[in-house]
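Quick notes on the structure that follows.
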Amino acid sequence: MTDLLNDRLPPQNIEAEQAVLGAIFLQPSALTLASEVLIPDDFYRMSHQKIYNAMLVLGDRGEPVDLVTVTSELANTDLLEEVGGISYLTDIANSVPTAANIEYYAKIVEEKSILRRLIRTATTIAQDGYTREDEVEDLLSEAEKTIMEVAQRKNTSAFQNIKDVLVQTYDNIEQLHNRKGDITGIPTGFTELDRMTAGFQRNDLIIVAARPSVGKTAFALNIAQNVATKTDESVAIFSLEMGAEQLVMRMLCAEGNINAQNLRTGNLTEEDWGKLTMAMGSLSNSGIYIDDTPGIRVSEIRAKCRRLKQESGLGMILIDYLQLIQGSGRSKDNRQQEVSEISRELKSIARELQVPVIALSQLSRGVEQRQDKRPMMSDIRESGSIEQDADIVAFLYRDDYYDKETENKNIIEIIIAKQRNGPVGTVSLAFVKEYNKFVNLERRFDDAGVPPGA
């Protein structure tokens, strides 16, 4: 395959490259347009790379960019003869009658450059497949990363005129005004939480943090179930701590109001079997997709969610939990930097796929040393930039976790410590431990299946 590639001329368009350089000679202000799109390496011909680089150097110094100054700059760096001398520069300067089409020519040069990068990347991936002895997962992750770098170069966005943004913003406001209710995002199913957040917004990274055994996994799973069973949105769940079967057992308990211990032991009554059948039917019709790969890389999460969105649609991503995700390995000697890199990538995934990403997080033991055990931002374990990247940071706190004699048994506080586009505050829910289920406080005794002492 390498021989086949070596026999073929890589994608390039010399005329377009000359047109870009000629347009800059003709109208130096065209350099600004070109520099927003092209870097020297985008030019196929080496001489064009050096000429364009000289133009950029002059532009950065605030000096005029014309035939005389570019010739002088190349001569001063002993590159004039390498690029073809003054005669070739003159030919380029005379090659285009107008600079009006520079953006069109620059786009051609950029696209040819992307194709060459893609070919080089694919060739490297193929060679690594034959020669490297790394774990297959490492090769896949690295291959995906390099392909993504090529794709991201293509997808860089330009400035948007505020007039265009205002039109889109007005349309969105009008849609919000015309819709019923105050929920503008994806409803969690918890009334007071939805009232405070207006639902979880697309593009948002939501961090849910708590000490072990407080109920953060149950809380997140309840949200996932509510979304998947009560809306037409699909939910991707990445469980790095528990297997898929354990998660499904928990979801069956919550969906069917089945005692968790009875389900674990198989000690089910006839009524329980009926509830189980109902719960299985409800969950099987929901769009819940579970990946229980331990130690999954953030690049794998991105790739799998991309594929899922293309094939089945995607409305929400849930990750349990953030500190178990592997980063790229670039910051392997500094775990805090690696976790910061992961949180930035998760925010990037939320924006790219336009879905809320809920990432559970551990809290440090520092919270145990204070008299008031309610968590604070500084308690997020290996926090790094987590609190900066997150749009919402929610802490879970249960008084009976620390005080067994408290009157607030099975009441959990959802402390919204940060909300980028909304208020902060506290929402209280009831936790029905037997069912691994959270319910709105006003519903606490509504369901006959929920014991009064819950």
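Any Cβ shown, glycine's included, is placed from N, Cα and C.
Marked as ATP binding site by Swiss-Prot on the basis of sequence analysis: A210, R211, P212, S213, V214, G215, K216, T217. Just so you know, the Cβ of A210 (ATP binding site) picks up 26 other Cβ atoms within 10 Å once every protein chain is counted.
According to Swiss-Prot, the domain 'SF4 helicase' annotation covers 179-445, on the basis of sequence analysis.
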Cβ neighbour count within 10 Å of R211 (ATP binding site): 22
Binding-site residues compared (P212, G215) - the one with the fewest other Cβ atoms within 10 Å: P212
For V214 (ATP binding site), the three-state class that DSSP assigns: coil
Check: same-chain CB within 8 A of ATP site center, minus A210, R211, P212, S213, V214, G215, K216, T217: L396
Binding-site residues (S213, T217), the one with most neighbouring Cβ atoms at 10 Å: T217
V214 (ATP binding site), number of other Cβ atoms within 10 Å: 19
